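Below is one structure; the comments refer to it alone.
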Amino acid sequence: MSQPVISVKHLVAAYQKNTVLENVSFSIPAGSLTAIVGPNGAGKSTLMKVLLNLHPAITGDITFFGRPFKEVKKRIGYVPQRGSVDWDFPTDALDVVTMGLYGDIGWFKHPKKQHKARAFEALEKMGMQAYAHRQISQLSGGQQQRVFLARALVQNADIYFMDEPLAGVDAATERAIMATLKKLNALGKTVIVVHHDLQTVEDYFDHVLFLNQTIISHGKTQDVFSKDNIRRTYGGNIRWLGGVD
Amino acid sequence: MWSLLLNTNTGWVLLSTTMLGIAAGAIGCLAYWKKQNLMSDALSHAALPGVVITFLIFQEKNLLLLVIGAGISALIGALLIQWITTSSRISEDAAMGMILSVFYGLGIMLLSIASRSSGGNQSGLDNFIFGQAAAMVRSDIRTMMMLAVIVILTVVIGFKEWKIYLFDQSFANSIGLPLKAMNTLYTFVLVVTIVIGIQAVGVILMAAILIIPAVSARYWTHSFKCMLIISSIFGAFSGAIGTLISAQGRGWPTGPFIVVVAASFFIFSLVFGKEKGLLIHYLHRQNQSKQYRVNQLPIKGAIK
């Protein structure tokens, strides 16, 4: 196994009085494509937010490339849940993608032509070039998700966190997004995705992290994606168990 | 009208309310997308006790001092709203409603005490309720314009940062934007805009000039930059025209006129707005149904 790019030790996090994450420890190998799966309220999004310093941890140690988050911020890309923003905001697709370059552009400076060109290129990669100047409110859910992904692409990060990028998108978008993730993966990038569809885990991801407040199981998909682990993570409430031994 | 402008003080007052309108139009856009329109109303009401207490302490009507007092009192209001919301189950709108009325009530109570203690004429302190731009002296105007310029520059210089802060906070944070600092700065410029406006517009109606121009601008554009510019223009004209009209009568308050002018811009935008106006919607629908009918014709022919 290659060297871990993310290492988490004894992480505890809570919302007000409710502990959401309990003693979470794991490490993510470089160049892996990992799915975080678990039932609603298992703490998947919280885990991602804590890793990205968007929500405070009570205790625990998190390192990226052996260093704390603040030192490696620029090497980390993030795709929030689509529903976390107001798509009625007055702006177009190209402008949203350009936001991914704000770190490069520098504070208080205006984006230049080359930045717009790079943003356009990213939209092209997501098959969205025709919608560059389209109002974001007029895009479909799948198109909005592609815009978000394009914004992450221009960041040219080494690690990508994506919170449910496949939730509520059409089949074409799902294919486009997965093709992009595989491409990123082929370039040696590490991708961590909060995922909700157990049926596609085996096809899409090489690593799985089963989470339900704590780590139930974590490893290569072929080793840990088993009926037993799914049942232990989801309890008795899982309807779909077909195809897994 | 021209004789009014030639009167230098009126000219200066006009310039200051125009600047105030620009600042309020710009900050109003931030408040609009931060979904905190009611917050500006709560904060402007919360400024009143600060004004009166400062007057009671210093016994003079110096705008800079009063503005600082108003600012402190509005910030206390903001902190209380935040504290109530985070430390209890009370929702933000209930917290704002409480702070708004309690602070305003306290302000009015203190105002009646102040008016009695300083012998009937409390040197126009009640101007702060409905606004009286003409009562401003040259030093007041200087203070007000300087602060308005600071507010406008804060929005212009950080335009790109404000945009991502308003659109996508978690992404903004992930690329290293200091959210806490921006929240503080936002509250600060909002409070500054409110307090510089309370003499000209008054605490009761100050929120209107923050909210209405931004809402009106939304009808004209799909670009955040244009929305900021249009909102500032609406704010500027509301301030200027409202001041001019109120100067026609002796002792007419400025605030209500500014708000009525702003509201007429809103009605105009609501009907004629290029992007979301009612008329455009109507014409668009007419056009669609016409096209639909045209498209139907050849099909009919084909069936025959």
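Cβ coordinates come from backbone N, Cα and C, glycine included.
Taken verbatim from TrEMBL:
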- B:12-33: transmembrane segment (TRANSMEM)
- B:63-84: transmembrane segment (TRANSMEM)
- B:96-114: transmembrane segment (TRANSMEM)
- B:145-165: transmembrane segment (TRANSMEM)
- B:185-212: transmembrane segment (TRANSMEM)
- B:224-245: transmembrane segment (TRANSMEM)
- B:251-272: transmembrane segment (TRANSMEM)
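Recorded stretches compared: B:63-84, B:145-165, B:185-212, B:251-272; the one with the most Cβ pairs under 8 Å to the transmembrane segment (B:12-33) is B:185-212.
Stretch with the largest number of CB pairs closer than 8 A to the transmembrane segment (B:145-165), among B:63-84, B:96-114, B:185-212, B:224-245, B:251-272: B:185-212. It is B:251-272 that, among the stretches B:63-84, B:96-114, B:224-245, B:251-272, forms the most Cβ pairs under 8 Å with the transmembrane segment (B:185-212). Within the same chain, residues 38-39, 41-42, 45-49, 51-53, 55-56, 73, 77, 80-81, 84, 122, 125-126, 129, 203 sit at least 6 positions outside the transmembrane segment (B:96-114) and bring their C-beta atoms closer than 8 Å to a C-beta of that stretch.
Within its own chain, the transmembrane segment (B:63-84) has Cβ neighbours under 8 Å at 39, 42-51, 53-55, 90, 92, 95-96, 98-99, 103, 128, 136, 139-140, 143-144, 147, 187, 191-192, 194-196, 198-199, counting only residues six or more beyond its boundaries.
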